[in-house]
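For reference, the structure discussed in these notes is given below.
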Amino acid sequence: MTSKPTTQKSVMYRIPSERTLESLHEMIGSRMSKMSLKNTLRGISNPYERDENEGSEDMIFELFKIPNKNEASIGKLLTVLRQLGLRDDDPRLVPMMEKIKDFEKIAEEKCSEATEQKHWKLTKEQFKECIAPSIDIVSRALQTDMVIPNWVTFVDQIRTLFNECKEIREGQVATYIPQLARQSPNLWAVSLCTVDGQRASFGDVKHPFCVQSVSKAFNYAIVASDLGADVVHSYVGQEPSGRLFNEICLDSTNKPHNPMVNSGAIVITSLIKSKTNMADRFDFVLNQYRKIAGNEFIGFNNATFLSERATADRNYALSYFMKENRCFPKETESLTDALDFYFQLCSVEVTCESLAVMASTLANGGVCPITNETCVDPNPCRDVLSLMYSCGMYDASGQFSFNVGLPAKSGVSGAMIVVVPNVMGICLFSPPLDSLGNSCRGVAFCKKLVSTFNFHNYDCLVHNSNIKSDPRRRDIRERDRLIPVFHVARAGDLPTMRRLYMQGEDLNTSDHDDRTVLHIAATEGYETMIKFLVNVAKVDVDKKDRWGRTPLDEAKFFKHDHVSRFLEKAMKRPEQHRKDSVSSLDTDDEIDDDGFPEKPSFTID
């Protein structure tokens with residue numbers, strides 16, 4: 001006796017693309033067939049496709065299972081995750097890594113020797129226990145459900161840009177303080193972090209350097225989150241000044257023009273926890289920096305601080321001018337303390353990698369992508385990106401926004417951050433500066449970046465140039481598409497089904513049980529939808545599911561007589577006439593040219 005098939009649940013149906021299958025199959029390098037891999041990925045992304053007792057952990061185990069053994073290669077999983085952009089020290093993977101090390105320690109004690117990571121093997125229960133705490137990010141990564149789906153290709157393109165810019169020999173290292181003058185002009189680093197925590201680094205990314213004026217962006221974001229934009233902008237404006245970044249001038253309302261010029265940045269720092277003592281204020285900002293950086297390296301260079309303070313005549317002149325015009329909050333009693341705090345924050349040390357995470361937090365609406373912790377409120381995050389776009393590159397801000405079209409902030413140490421909103425943050429570091437105080441290699445890299453990818457703020461993503469590519473884009477033939485065809489068929493939503501057909505969706509697709517949308521429509525008895533699928537979409541009427549049942553069998557089983565008669569006619573057509581429309585059901589309804597009753601015998605809810 002043939003078992004009764006289960007009815008498709010009302011959920012979105014996700015299928016892996018051929019590109020995803022090929023990419024993962026190559027990475028995993030297993031003996032698993034592409035069809036088995038496809039079914040496994042379906043099971044990971046579509047819970048209703050799995051057996052009741054199977055979880056995502058079981059499906060992932062099957063991906064990395066060693067043939068003929070109840071073991072899987074956890075080392076292979078880690079290798080694949082790295083290729084997809086995730087690092088072993090990613091905070092979201094830390095629970096998994098700790099459990100792996102615990103099991104590996106036990107194994108080493110038994111055999112009295114260390115095992116290379118790539119050879120790590122775990123039993124099914126151990127494997128599942130390891131990945132369970134990090135299952136969300138592991139599942140997303142294996143489905144390439146990330147903002148940059150084809151990570152390996154993207155990283156190769158970035159590496160090419162990095163190497164091209166490495167040959168640039170223009171610019172001079174800043175010399176106004178000894179600590180900057182001693183920097184090697186050959187230092188060159190690029191690090192990026194996406195809003196999903198995918199990361200890549202090139203060059204001297206571990207070399208520490210001071211943030212200098214890059215701190216202005218984060219100081220504004222911190223104080224605006226703490227006090228609110230209205231309070232902050234009662235002291236500082238938002239307009240580009242059109243003047244030198246350290247010029248002694250105010251706007252028409254006697255306020256600094258914006259938080260990115262020196263005068264505005266000094267006032268901004270004076271607003272940070274202005275009622276507390278200096279030590280607590282510094283601790284507060286440093287802790288905020290660490291949160292924004294996902295607890296990656298944040299340090300302090302005291303020598304740079306002392307040198308900045310010793311060469312501060314211009315900033316003192318600015319501060320006294322602002323004090324005369326009552327620009328500071330009333331809590332600011334000592335200009336020396338106010339400037340010391342400003343210089344301290346300019347002397348905070350980072351690496352290219354930690355600053356890239358900070359930039360990606362701004363790209364991610366103020367949420368750190370590797371810890372999922374909200375560090376900056378959404379509106380201040382939006383506002384700081386607007387200010388960086390219009391005022392972030394010293395006296396070249398207008399030129400940079402025109403040519404590159406992305407929010408950015410630079411500093412005289414050679415540091416530079418660039419934000420692609422909702423995509424990634426990039427940190428560039430190269431000490432040689434141009435005549436306007438921006439990193440020569442950094443600016444050149446950004447120009448090459450937007451000439452390669454559709455990242456410029458005003459690049460059209462629809463009618464785009466063939467010269468540029470959009471690494472975010474999932475081509476209709478390649479992307480992992482969320483196809484609601486089974487949901488639509490189950491609901492009898494004919495207008496939506498027609499729209500999906502017009503958009504090029506494959507209405508012949510089948511689920512894990514090889515059931516098609518025609519099977520579902522026949523089960524429900526949706527006459528007009530069946531006629532549309534047969535007469536217009538030309539779906540396969542003979543296709544059998546895993547139980548060997550056709551759509552006609554479904555219609556007969558559920559006693560939908562009119563549908564049965566129509567499908568019988570459709571199946572009796574010779575192969576050469578399969579593209580012809582089948583005559584109407586045996587009803588008195590008038591039929592239009594598309595095979596739809598002009599007055600349907602029932603209403604689709």
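Glycine is no exception: its Cβ is also placed from the backbone N, Cα and C atoms.
Annotated in Swiss-Prot:
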{"type": "BINDING", "residues": "SER213, ASN262, GLU308, ASN315, TYR342, TYR394, VAL412", "note": "substrate binding site"}
{"type": "COMPBIAS", "residues": "569-581", "note": "compositional bias 'Basic and acidic residues'"}
{"type": "COMPBIAS", "residues": "586-595", "note": "compositional bias 'Acidic residues'"}
{"type": "REGION", "residues": "569-605", "note": "region 'Disordered'"}
**Request:** Just name the winner among TYR342, TYR394 (the binding-site residues) by count of other CB atoms within 10 A of its CB.
**Result:** TYR342
**Complete:** Largest C-alpha distance in Å for the substrate site residues SER213, ASN262, GLU308, ASN315, TYR342, TYR394, VAL412, as a whole number, is 19
**Prompt:** Among all the protein chains here, how many other CB atoms are within 10 A of the CB of GLU308 (substrate binding site)?
**Reply:** 24
**Complete:** Cβ neighbour count within 10 Å, max among the binding-site residues SER213, ASN262, ASN315, goes to SER213
**Request:** Provide the number of Cβ atoms within 10 Å of the Cβ of VAL412 (substrate binding site), excluding the reference atom itself.
**Result:** 22
**Message:** Under DSSP, is VAL412 (substrate binding site) part of a helix or a strand, or is it coil?
**Reply:** coil
**Request:** Sort ASN262 (substrate binding site) into helix, strand or coil using the DSSP assignment.
**Result:** helix
